[in-house]
Amino acid sequence: MDCRESALLVSVLLLALDLCSAQNYVLSDDGGLGRVFDGIGGLSGGGATSRLLVSYAEPYRSQVLDFLFKPNFGASLHILKVEIGGDAQTTDGTEPSHMHYENDENYYRGYEWWLMKEAKKRNPNITLIGLPWAFPGWVGHGKNWPYDYPDVTATYVVNWILGAKQYHDLDIQYVGIWNERSFDNKYIKLLRYTLDKSGLERVKIIASDNLWEPIAFSLLLDPELSTAVDVIGAHYPGTTTITEALKTQKKLWSSEDYSTFNNEVGGGCWARILNQNYVNGQMTATISWNLVASYYEDLPFGRDGLMTAEEPWSGNYVVESPIWITAHTTQFTQPGWTYLQTVGHLAQGGSYIALTDGKGNLTVVIETMTHNHSVCIRPPLPPFNVTSQNATFQLKGSFASIKELQVWRSQFDFKTSKASFFEKLKPLKLVDGLFTLNLAEDEVYTLTTISTGSKGSYPDPPPSAPFPKVYKDDFDVRNPPFSEAPYFADQTGVFEYYINLTDPGPHVFTLRQVLTERPITWATDADQTISADTHTHKIYIYVYIFSPPCYIVILYRVDKGGQSIRSAKGVFFWVFADGTYKVTNDLVGETVLAEGQSGTEVYGWYTLSLTVKGQYASGSLNGYPLWKNAVVLTPKAGWAAIGTRSFELAQFDNFALVAE
């Protein structure tokens, strides 16, 4: 044998070895199908995560909404889950309740109604879910617990569902039950009874919308409870479930998941769990917390949304990688499709799922995300390995006759940052139902008979820009589209537009803190009410002091918000109804920088001014200096804000921020 013959033999052997190294996977419906697919969604709330979106000007606000909800454009979400506002801090802010008090009902507060209608406008078939994370204080009758009076709580929740239909023509399809502590199953049964009695038999219950247990055990032991519950929802399940949940034969959902910074590792996290929530845990829906990162980034869990829209003043937004990872599934499936039983893990790491509409269509989604490039914020991710591999798929059963598949690919690139997302490739021709893919690490593929997918786009939005150096708001809005003023993000308490018809002077239209009772919440909120704006150097505002004990505060360089607000530091300028003032370096008031007489009285308007330059702070009342050059060493930066010392009525007008 000469050298040329020897080389030829070696090349033939190498080719044969390469073909043999391709692992074979069968996709078939011969043995029946798996569970019914319920969709992929996003979560607005828990809390106030879409707060800044409503303040965007057109066309940018509509563009963001299109990337989220418009079919065959961007994420094309199947599900929108919203917070049933409870007047309380629930992570990044407060969302207003439809019932501040027992005899109060208003179904136009907040922005979730608007968001649901915008989603429905784009996708009439979108599934709508409501979940209360918190409740107004009156629901608990003085206790920080909403389930001691289950009839009151059930009526409160059902009223929100009825209001959604009556005032906004929105059909809520699911309602969740959630709390950090366990609760009496009596409430679930009573909620089911109250829904049915109100003509809402179509509304289904998700329980516990938090953990697999103890609800799964309870459902197996209590037939009446099992009849009441339609879905077991888990938060951050780590792609796994428990045996007892499977035994219930209920739908299993990851009803809150992701919660990860939306860079490419966040996109990798989302790609992995969208597949493996079903492969490992038989979960048929996955919902991202959160829908869109439209809250100040320095709040807890900044940029943990599918995309980012946190600058309404500039119009800038960013379509992040999770949008296109979502599209790999949502644009080529619909709720009601069914998973094949032949899904699983790839031999060299990664996973694949397959779904069908039962009418001959097939969609296959493959991910090969490596461990370090797909870590979610929670729970801890056990080690695993993924390497490049060849994978051969054999279509059998009703899919054996498929001759061509559309191909979409996303390639993460953590070395050169030249990733490509949701790229349409040439259709793949099948021979005898076979196709082979050379899969690299950190890729996502969709192979599908559906040909309507598209990667939507708009001209680039305006560039990112800092908050305006001068910002003013006189709150003079006769018919406000939303109950909150632009850019204000309530952290504790609820600040709403207010029309003071008894005031013949200049303060008819104001902003008012409306709560007088502490709400029920799991979060570590503050005893004080606070609504935060963005960074600045000087604050001016008119304030109205009600009856004692009324304490009004304007704040600067506030360094913490959201569920961390209680430990916030900054410059806090308090004026009291007893004619005194105090300046503190922290929200709880332990570090006093200055104090003295202010001459303030009840039932009067006052102009407060707070100026901070470098490490020196000064304050005045009605133009008269009360204190000068208090030394503020820390923090160096933070939010401006307004608020009250406790849950009490107060009015604010003619707000101004000036940066020098």
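Cβ atoms here come from the backbone N, Cα and C positions, even for glycine.
TrEMBL has this to say about the protein:
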- GLU180: active site, proton donor/acceptor (ACT_SITE)
- GLU256: active site, nucleophile (ACT_SITE)
- 37-331: domain 'Glycosyl hydrolase family 59 catalytic' (DOMAIN)
- 339-453: domain 'Glycosyl hydrolase family 59 central' (DOMAIN)
- 490-657: domain 'Glycosyl hydrolase family 59 C-terminal lectin' (DOMAIN)
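Long-range neighbours of the residue listed as 'active site, nucleophile' (same chain, six or more residues apart, CB within less than 8 Å of its CB): LEU43, GLY46, ASP209, GLY233, HIS235, TYR236, ILE287, TRP289. As a summary of secondary structure, the domain 'Glycosyl hydrolase family 59 central' (339-453) carries 6 helix, 54 strand, 55 coil according to DSSP. On the 0 to 100 pLDDT scale, the domain 'Glycosyl hydrolase family 59 catalytic' (37-331) averages 96 in the predicted structure.
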